[in-house]
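Asker: For reference, TrEMBL lists these features for the protein:
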DNA_BIND  194-213  DNA-binding region
DOMAIN    27-97  domain 'RNA polymerase sigma-70 region 2'
MOTIF     52-65  motif 'Polymerase core binding'
Amino acid sequence: MGLIILINVEELIYSIQNGSERDREKLIEMYKPQILYWTSNLCKRKLDWTNDELSIALMAFNDAIDSFEVKKGANFSTYAKIVIKHRLIDYFKKEQKHRHLSLTIVDEEETEFTPAEIKLATENYYKELERIERVEELQLYQKKLSEFGISFIELTKHSPKHKDTRKRLTYAAQCLVSDINLVKKFQRTKQLPIKELILMTGLSRKVLETGRKYVVAVSLILLNKEFKHLRSFIEIGGDGCEG
């Protein structure tokens, strides 16, 4: 750890976040022995750089460099270790090996850090995780929309400005997703079932055709559970579709 203490890690991170790949390689080489120690300790077995766990730890360390906020005053080593630990926990969950690893944040090696440092590093980790989730969610949503010939730009342009109109069109989307046969038709044809929705909602053809892109967009969010962040922006009526 002596070398790491002697070099100003924060200055290196600042340089890296401003595009210096040379300093990134330098910081990674500095921390490699520590990453190996942390990861072996967390996995409770001896590892070498051919192990998947260390590859995951190295990717997590890279993400920690990019997401670390120097201004927050957290200790980078604390932050990097916690990012690595959470990433390994996620890995073991996916591999169904999580019983080999404690899911608690604090372990015997973290007693050298203050509770405030651990709390701040953990909060930063979850913020970064949420940011990544939101980006991935938007990418998937964009892909789903494109299957219906809709882009984000078009959606923004055609989204209704009035709250009452949005409410009526959201109701139409609720009616669509409540009927399994309509959902199948919607997904198969990539078209909004206008005739059926006129009967179910009482809305006019003009309203539904004008708001087609919005109804499709809301329906896709309601049909896909993975769109949890996007769902929070939809104003859902309490009564659902009355048909």
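Along the chain as shown, residues are numbered 1 onward.
A Cβ is built for glycine as well, from the same backbone N, Cα and C atoms used for every other residue.
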Asker: Going by DSSP, how much of the DNA-binding region (194-213) is helix, how much is strand and how much is coil, in residues?
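Answerer: The breakdown for the DNA-binding region (194-213) reads 16 helix, 0 strand, 4 coil.
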Asker: Quick check on the motif 'Polymerase core binding' (52-65): DSSP residue counts for helix, strand, coil, in that order please.
Answerer: 14 helix, 0 strand, 0 coil
